[in-house]
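Contents: one structure, followed by commentary.
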Amino acid sequence: MDLKVLLYSVFLCYAAVGVQSTANRRANANAKKLLAALSGLGDRVLSGAFGGYTNVGDENGFSLGQANQIQQWTKKLPAVYGIDCAPGWSTTAEYKEADIIECMNMQAVEYAKKGGIITVSHHLPNPVFAGNNANGNGAYKTAIYNNDYAAILKEGTPQRNRWWNTMEKIAKGLQGYKDRGITVLYRPLHEMNGDWFWWGALQDGSQNGERQRLFKQLWQDLFHFMQKKGLDNLLWVYSPDHSRPSKTDFYPGDNFVDIVGLDCYTDDPTKINGYDEMIRFGKPFALAEVGPGTTNGQFDYDRFVKAIISSYPKTVYFMPWNGGWSPVKNKNPWGAYNNPKVVNLGELRVR
């Protein structure tokens, strides 16, 4: 272990004193230690990258390719690595077993065993629709009305049965990480204040007070389900979209969230909206999904990281998306991952 890593490990041991409790009071020791380490980062920030989607057979399918490309460009590997399970455009609410089980991906396990932190998200199929829909098999971008939403939460309905099926399959996938001693930064139901996913806000906004109440119930339902399944390896990440209002109005409560964040696609990283709102919750803050607003290869990731350090200093990690949003498809990834305030793979020790 080099001196830098040793000193930083000692710093984390002291910084972890007095940090918040996990949302799941039964969280295992590894999850508690990771939350303590994130809470104790001080003025440093973990790097990240998105590795792709499971069950997708093209260049967007999950692999370690994104991490390896970043290493080729920067000589560094990201500390946080993302995987998205069961994309809602390629599956239905009547999942095949493989759709979610692949969430426990052995390449992700390999990365975690090297010291990486795995974050899991979903673009979930719509439980209101059993089969094909004009917007794709899973209808993940098909809006539902509040009465449909309520039916998802009502015992005995077809919608509830499909949602239960969804939760069962997700839990089986996440269990694989628990069995291997891996803590997961779990980011379900993201960008809920936007109107593009079925679980999110309504386009006209006329009934969004009720929608916010239903969303909170859905999040809490998922939380309690995973808790009953014994999934004590999860840290729960709440991340609305920075470009829309009502970022805090969907917040399900302190007892159901470990980390707050923002999803942010912008061409000007000095103008991220909602940072002050989110840090008022007193939780660790993340830029949980980021990238340029315009995918023309001109986004400067070195400037982005410098903006994090100067304007959003409580950020504990940032995770750029892949494809045209990726650091390796844009400008100055070297500066981003080699900034002295950035912590990469192998530089964080959780004690």
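Quick reminder: no glycine exception, Cβ is built from N, Cα and C everywhere.
Because TrEMBL annotations are produced automatically, they should be read as predictions rather than curated entries.
As written in TrEMBL, here are the features:
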SIGNAL    1-21  signal peptide
DOMAIN    26-346  domain 'GH26'
BINDING   His123, Trp196, Tyr265  substrate binding site
ACT_SITE  Glu191  active site, proton donor
ACT_SITE  Glu289  active site, nucleophile
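In this view, Glu191 (active site, proton donor) is surrounded by 24 other Cβ atoms within 10 Å of its Cβ, with every protein chain counted. Cβ atoms within 8 Å of the centroid of the Cβ atoms of His123, Trp196, Tyr265 (the substrate site) belong to the same-chain residues His190, Glu191, Gly194, Phe197, Asp241, Asp263, site residues excluded. Taking Cβ-Cβ distances under 8 Å and a sequence separation of 6 or more, the neighbours of His123 (substrate binding site) in its chain are Tyr53, Asp84, Ala86, Pro87, Gly88, Trp89, Gly138, Tyr140, Phe197. Tyr265 (substrate binding site) and the residue listed as 'active site, proton donor' are 12 Å apart (CA-CA, integer value). Here the C-alpha separation of the residue listed as 'active site, nucleophile' and Tyr265 (substrate binding site) works out to 8 Å. Those residues noted as binding substrate (His123, Trp196, Tyr265) have their most widely separated CA atoms at a distance of 17 Å. The number of other CB atoms found within 10 A of the CB of the residue listed as 'active site, nucleophile', across every protein chain shown, is 28. Ranking the binding-site residues Trp196, Tyr265 by how many Cβ atoms sit within 10 Å of each one's Cβ puts Tyr265 at the top.
For the domain 'GH26' (26-346), the mean pLDDT of the prediction comes to 93.
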